[in-house]
Each structure stands twice: as structure tokens, then as C-alpha cells.
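The structure under discussion appears below in the form of C-alpha cells.
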């Protein structure tokens, strides 16, 4: 039976928004997909031409899904406006299913004058290979038109609140753990779409001169392997990179370090009781607090071994030294990155477009110097 929904609505109720757009990664009973859209003419001023809401049931026939309803409406309308270029933005409670993702990819290939940005509150069946592949096809960057997909953060939720929620008399108040859930989903989408780092970002952040100023971000690249018949087998579905979350009054008021964001992510993988090896490549070694939390993790998860390769040592005085020693004592392997680790990260995590890794002046000397300092820190058990 056809779902009893009007084609579009202009506003949703406050409780409807909070219930359906909650970004907790795993939620049950959210069977209605809400798609808020904006269509703008492409140009300097980019006025909004239309902004409404489609909705549909996830378990209904594909033609009743909101993505398909939007395409049906937009295709008919485009017949009268073939020459104009448009930028379309979606804010959806769930990412598209495989059928809708494939249909949207086909539409974009047929109409290159339309660009599409999709902000999603949650990822639908993100652990299933066919869903992962459909989203990769939809968002592939080379060879054909593609969509840009991002996870909704505070700004997008606030925008939807202001634009698509009726009767609002108060500002948007984020629910508990919104920023933490955003971080998890952002990293998961990066794994799924196989996001790569900009070459300049890698070079500037992983430059291993022992003393640098102005580097307040930490980047953490990671890979996971499982032991099988005595051989470590890469799990490429759990490979990616993330960075620390800057202080934000609407997100993490005190910020959140990259290592803690990474520890938030690991339980999301649902690793079983087999033996795993997790390897991190970080632009800075962990601070005292992060080292303590990582030590707790490996103590509580004896089937997971942890290897950390750092480009630089973060504040190698006082408590940071103590934190590194604790982490090392509890079983983590800690070392400084050398040429082979930098090259591996360049080849694996950077959008290098075929360019080989070019070491900067002093890379080997800096690595040797830092390795000596790290050995002294880890061996100085008396401090």
C-alpha cells in the first residue's frame, strides 16, 4: 500500500526533528526518512529557489523513498529549466539506501549542470558491503559527476532547525553527545568513502623538525590488522585518519584530542575476540592524559596490541614523559616515524595523485635525534 504522505511539507514539528535527526549512530524504530532540501541557482548571489521537505518509509518500495520522490519532482521541473545550473543541498535523517544511491548517481551523470551536497544525520546500514559500495559510487570524485556527502554537525542541525522546524521560539539546543556522535560518524564515513588527506596538510603537520611552533592540531592515521594463521591480515575497512576536535562552545567546550576521538571509534568496530593489531601514525606523541587513556584501553583489551609511530614528541618534559612510560610499560610499542613510515602514510592516506613521497631536508637526522630522545624517556624509569 502506498504510504499516506503528502509529497512535500514546508516545516516539521520540533519533536519530530529531535526524534528523527538525533545523530546517535545506532538507533531503532526510526523508519521514516526525512529529507530537507534547498535548491539554489548557481551564481555569485546564489538565491534559494526552493526549500521544502520530502519524507518516506525506509521499508516501503524504493519509489516512495524521499530521495526518489525528490528526483521524480526535480526531473519533471528540469524539463522547463534545462539551461540553468543549480546547486542542490539535502539534509537527511538517514544516508541513502543502495537503490537510491545508485539512482542519484545515475541522475547526476545524466545532468552535469546539477551539483548535489548531502548532509546526513546517520549512516544507514554502513556495515554492509553493498551499501558501502553504493555510497562510494555516488561520491566518487574522478571520472564522472558525483555527490559530496558529509555528516551533519552542529551548524547543519542549527540550520535545519531555523529553516525547516515550525513554531520555534527558542534557539537550537543540541542533545547529549551530539559532538561525540558526529566524530564517530565522520570517521566512519571517511573509512567508507576512503577519504584521503591533502598533500599540504600531511607535509605541514607531519614535518618532523623536533621543535616547531604554531602546530596546534594533531593528525592520527590508523590501520587495523587481524592475526590469521600466523600472518597479520590488513582490515582495509578500518583504515583512515582523523584529527583533534578544536574547542567549540557548541561541541567539545575544551576540545578533544585525536587519540581520545580514536578511542571513541574503536568500540564502534565491534572487534571480536581474535587477535588484532592497531597501528597509529601521529603528528605528535600523546599527551599525559591521552597516554593514560590508551594504556587503560590496552590493559582492558588484551586481544588488541597497539603500535604508535609519532612524527614529533609532544612536550617531552614532566608528566608527558610519565604518560609515555606508562603506555610503554602497559604493552604499547612506541617509536618515532622514520622514512619508511612517512612514505607508507603518504602512499596510504594522502591524495598524492601518483606522486611519490619526497622527503624534506633533515628528515632522517630529525628522526634519529627524536628516536634517541624517546629511548631516553622510556628508559628513565626512575623519573
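In case you wondered, yes, glycine gets a Cβ from its N, Cα and C as well.
The active site, proton donor feature in Swiss-Prot is assigned to 259; the stated evidence is sequence analysis. Under the heading Zn(2+) 2 binding site, Swiss-Prot lists 257, 287, 290, citing similarity to another entry as support. Under the heading domain 'CMP/dCMP-type deaminase 1', Swiss-Prot lists 29-138, citing sequence analysis as support. Among the features that Swiss-Prot reports, domain 'CMP/dCMP-type deaminase 2' is placed at 214-327. The phosphothreonine feature in Swiss-Prot is assigned to 32, 218; the stated evidence is similarity to another entry. Per Swiss-Prot, the feature region 'Essential for cytoplasmic localization' maps to 1-60; the stated evidence is a curator's inference. What Swiss-Prot lists as region 'Necessary for homooligomerization' is 209-335, and the listing cites a curator's inference. Annotation source Swiss-Prot lists region 'Interaction with DNA' at 312-319. According to Swiss-Prot, the site 'Interaction with DNA' annotation covers 244.
Taking the binding-site residues 287, 290 in turn and counting surrounding C-beta atoms within 10 angstroms, the largest count is reached at 290. Note on proximity: of the recorded positions 32, 218, 244, the one nearest residue 257 (Zn(2+) 2 binding site) is 244, by Cα distance. With the fewest other Cβ atoms inside 10 Å of its Cβ, the least crowded of the recorded positions 257, 259 in this structure is 257. In the three-state DSSP classification, residue 290 (Zn(2+) 2 binding site) falls within a helix. Across the region 'Essential for cytoplasmic localization' (1-60), mean pLDDT in this model comes to 81.
Residue density at residue 218 (phosphothreonine): 24 other Cβ atoms are found within 10 A of its Cβ, drawing on all protein chains shown. When each of the recorded positions 32, 244 is scored by how many other Cβ atoms sit within 10 Å of its Cβ, 32 comes out lowest. Geometry remark: residue 287 (Zn(2+) 2 binding site) versus residue 244 (site 'Interaction with DNA'), CA distance 12 Å. Apart from 257, 287, 290, the Zn(2+) 2 site neighbourhood in this chain, defined by C-beta within 8 angstroms of the site C-beta centre, holds 218, 258, 259, 260, 286, 288, 289, 291, 293, 314. Counting only the Cα atoms, the space from residue 259 (active site, proton donor) to residue 32 (phosphothreonine) is about 35 angstrom. In this structure the C-alpha atoms belonging to residue 244 (site 'Interaction with DNA') and residue 218 (phosphothreonine) are separated by 6 Å.
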